[in-house]
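I have placed the structure first, in the form of structure tokens, so that the comments after it can refer back to it.
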Amino acid sequence: MAREPRKNAALDAQSAEDQTGLLTVKVEKEEASALTAEVRAPCSPARGPERSRQRFRGFRYPEAAGPREALSRLRELCGQWLQPEMHSKEQILELLVLEQFLTILPGNLQSWVREQHPESGEEVVVLLEYLERQLDEPAPQVPVGDQGQELLCCKMALLTQTQGSQSSQCQPMKALFKHESLGSQPLHDRVLQVPGLAQGGCCREDAMVASRLTPGSQGLLKMEDVALTLTPGWTQLDSSQVNLYRDEKQENHSSLVSLGGEIQTKSRDLPPVKKLPEKEHGKICHLREDIAQIPTHAEAGEQEGRLQRKQKNAIGSRRHYCHECGKSFAQSSGLTKHRRIHTGEKPYECEDCGKTFIGSSALVIHQRVHTGEKPYECEECGKVFSHSSNLIKHQRTHTGEKPYECDDCGKTFSQSCSLLEHHKIHTGEKPYQCNMCGKAFRRNSHLLRHQRIHGDKNVQNPEHGESWESQGRTESQWENTEAPVSYKCNECERSFTRNRSLIEHQKIHTGEKPYQCDTCGKGFTRTSYLVQHQRSHVGKKTLSQ
């Protein structure tokens with residue numbers, strides 16, 4: 001009779017122990033599932049274009065009241081996805097190709113690529129090539145030091161992307177994740193073959209790590225467990241120190257998993273984790289692209305050495321100083337050319353007109369006036385120019401760009417000189433003054449036009465202080481400075497001071513419109529009217545895009 005109570009007590013103890021074991025297994029499974037959800041959570045929300053595509057593809061006929069409403073709803077969802085009012089035909093075609101490209105990828109690989117949110121097929125190719133390079137590299141032997149722990153943690157995080165699915169759809173994925181040294185073994189087998197994990201004296205912790213790599217956990221590995229197992233002297237710590245150290249590691253666990261193991265710093269050096277808003281999750285998911293561009297220690301050292309050499313050369317070579325203004329130059333030729341500003345020396349002389357220049361490049365540009373060379377051609381209208389700056393100014397007539405803005409009234413201009421002239425309206429400045437009557441003007445051209453009233457042939461040029469006659473003007477230019485000459489229209493007897501103005505005026509009577517718009521065919525009497533009209537086409541084209 002005494003044996004039966006003992007037997008019952010033993011059975012009760014064994015039952016309690018079994019229940020405790022089942023509870024432990026259940027807790028570990030819950031931890032694994034929670035960890036899986038934590039890894040997937042930051043990148044799970046679909047972004048704008050992807051969300052619109054999913055709504056379009058996921059629409060079903062029963063959701064609409066009838067066939068007409070279903071068709072209308074499909075058109076609306078397709079428009080929200082492809083956005084034809086914003087995207088060109090090429091961009092819409094690229095979106096369709098991207099969708100099909102992602103569809104033909106194997107299951108696990110497709111999920112990983114979609115989490116990176118590629119915006120074009122080229123980005124998908126770059127991601128796949130990067131993944132192949134990372135997984136085809138031979139795994140280095142892990143040293144015992146801190147650097148080996150760090151490298152192993154990062155490699156383990158890359159391997160967590162492989163899941164233990166046995167479907168036929170995942171066979172190409174398994175071939176892609178082939179590793180040279182560890183082969184295509186399961187993740188927990190690979191971990192147990194890493195030097196440092198299979199050594200004696202760590203059996204308890206090895207069993208703990210291996211227990212978390214069951215098929216139920218889908219190949220996920222807790223980063224802090226690997227870091228703790230590899231820490232030197234881990235087995236010498238007592239249980240209280242182990243728990244304290246594990247709690248400290250647990251604080252940094254979420255940040256390590258969410259970053260996919262791409263952070264290449266020790267987990268114990270990480271700052272406390274701050275909860276990020278949802279809009280920041282997308283940025284975290286794209287860290288892999290940025291990490292791929294981070295140079296290795298050797299490359300970083302080489303780049304730093306090159307930078308230091310450049311800085312030394314720049315500092316050491318800037319020893320040519322101008323004694324007049326203190327400006328320094330890297331080469332003596334630059335200092336020699338600069339000194340001519342102070343001395344007024346102009347050694348380069350034009351053989352055609354005798355004009356002199358400080359530099360040879362200025363002489364080359366000037367000689368194009370005599371040769372008629374105009375090497376810079378506008379691709380839009382074919383007009384040619386002798387200087388690149390003139391071409392840039394001209395191209396703004398096609399694009400409608402006006403980069404120069406007045407701070408006082410907000411009016412914009414395509415050229416800086418036009419802005420300077422406009423500023424004189426606000427300041428009231430009139431720097432050009434007539435020597436005959438004292439009248440002042442904002443522009444030099446207005447002064448010259450005014451001086452024709454006085455009929456003075458030796459009118460002083462305000463820019464050079466020389467008379468027009470002393471500058472060797474031609475007879476045709478003298479006709480513009482002589483005066484006043486009256487050019488009279490035979491049709492309406494209106495008179496003009498310039499013959500060119502009379503010719504432009506006569507087009508009103510003849511109806512001639514020689515300047516035609518290539519876009520719409522409309523004709524104009526003046527080029528300025530045509531240029532102003534062409535800007536309307538540019539504005540419409542910009543709005544349509």
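The backbone N, Cα and C atoms fix where each Cβ goes, and this holds for glycine too.
Between the listed ranges 18-40, 225-247, 432-454, Swiss-Prot ties the annotation zinc finger to 432-454.
When LYS7, LYS222, LYS327, LYS488 are looked up in Swiss-Prot, the one carrying the note SUMO2 cross-link is LYS222; the rest have no such note there, which does not rule it out for them. Of the listed residues (LYS174, LYS178), Swiss-Prot tags LYS178 with SUMO2 cross-link; the rest carry no such note in the record, though that does not show they lack it. When the ranges 100-122, 261-283, 376-398 are checked against Swiss-Prot, the one recorded as zinc finger is 376-398. Helix, strand and coil content of the zinc finger (487-509), in residues and according to DSSP, is 11 helix, 4 strand, 8 coil.
Mapped onto DSSP helix, strand and coil, the zinc finger (376-398) counts 11 helix, 4 strand, 8 coil. DSSP assignment over the zinc finger (348-370) gives 11 helix, 4 strand, 8 coil. Counting only same-chain residues 6+ beyond the ends of the zinc finger (404-426), those with a CB under 8 A from a CB of the stretch are 393, 396-397, 442-443.
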